[in-house]
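Structure first, then comments.
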Amino acid sequence: MGSKALCVFFFLFFVAVSFRYASAQDEEDNGLVMNFYKDTCPQAEDIIKEQVRLLYKRHKNTAFSWLRNIFHDCAVQSCDASLLLDSTRRTLSEKETDRSFGLRNFRYIETIKEAVERECPGVVSCADILVLSARDGIVSLGGPYIPLKTGRRDGRKSRADILEEYLPDHNESMSVVLERFGAMGIDTSGVVALLGAHSVGRTHCVKLVHRLYPEVDPVLNPGHVEHMLYKCPDEIPDPKAVQYVRNDRGTPMILDNNYYRNILDNKGLLIVDHQLATDKRTKPYVKKMAKKQDYFFKEFSRAITILSENNPLTGTKGEIRKQCNVANKLH
């Protein structure tokens, strides 16, 4: 065989091997699928569900945390549990940014992770635990059961430096809020439904005193202002003090459509709540969800599903953390 023919042979051989390798990689990465752990850790989802149930029994506010986690993690570029990473000497944790104010109960994510690790060491990602705990937390709060895919892997770095580019603030214009969610594929009705998560939990006075002092925001329902002032008596509240207002005084522990009736009655605590009820793009959906809880649950389920599938790491990307608050290289 001549040198030219030999070169052609090796070139074709290299192309064939490369193609087979790429195909094998593609086969290995099936992306997100239902019941991803059915062969490698068949009890994983049951263990997570049971841990969420036990934690909710002891600490009711854990369910609020799981619901906030999926938003704060998955909305920031990728659903990869970067939210859970602690600060290091070089990088700030997402948990410590202003946008994450009030997030808590991260130690209980470790409780869930430890329970899963006892059954299947090194198999189930923290990203999937974060998503599935949100799914089961929603059920604890009386919300719908949402079938969610699994197969996410964990990121290795915090995204604190870019967080504000992705995560809308509660004082942003509705245009910005719709644009940020729209970039993830969540449409207007989905945004309105996601903000229905404000039906549960509480808002710290730090986040709403600007609507009370030095003057009361005139759009607020006067009857509700009295309660807000009682709960937030200080113009400059201590961020570490337990000073807050329940998002929904009527059913504060239940995820329901009462939130939409409240904001139509000008009882929304945050600027974004008021905007949702008055902006011509969102108001029709607010009114429909206020009337029909089934419609709210349907749109909420759809939006949570899209959020949970936002740009995940799958296949061989990322890692499976041994501990959710630290990347493996630092473990």
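Cβ atoms are placed via backbone N, Cα and C, with glycine included.
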Which candidate, CYS41, CYS205, CYS232, does TrEMBL give as the disulfide partner of CYS120? CYS41
Have a look at TrEMBL and say which candidate in CYS126, CYS205, CYS232 forms the disulphide with CYS324. CYS126
Checking TrEMBL: of CYS79, CYS232, the cysteine bonded to CYS205 via disulfide is CYS232
Candidates are CYS7, CYS79. Which one does TrEMBL pair with CYS74 through a disulfide bond? CYS79
Name them in sequence order: residues not among ASP248, THR251, ASP256 whose Cβ is within 8 Å of the mean position of the Cβ atoms defining the Ca(2+) 2 site. SER199, VAL200, GLY250, PRO252, MET253, ILE254, LEU255, ASN257, ASN258, TYR259
Taking the domain 'Plant heme peroxidase family profile' (31-328) alone, what is its mean pLDDT? 95
Can you name every residue in this chain, apart from ASP73, VAL76, ASP80, SER82, GLU94, with its Cβ inside 8 Å of the center of the Cβ atoms of the recorded Ca(2+) 1 site? HIS72, CYS74, GLN77, SER78, CYS79, ALA81, LEU83, LEU84, LEU85, GLY155, SER158, ARG159
Rounded to the nearest Å, what's the C-alpha distance separating HIS72 (active site, proton acceptor) and CYS232 (disulfide bond)? Just drop the number here, would you? 26
Fewest other Cβ atoms within 10 Å: which of the binding-site residues SER82, THR251 wins that one? Let me know. THR251
Measuring Cα to Cα, how far is VAL76 (Ca(2+) 1 binding site) from CYS324 (disulfide bond) in Å? 17
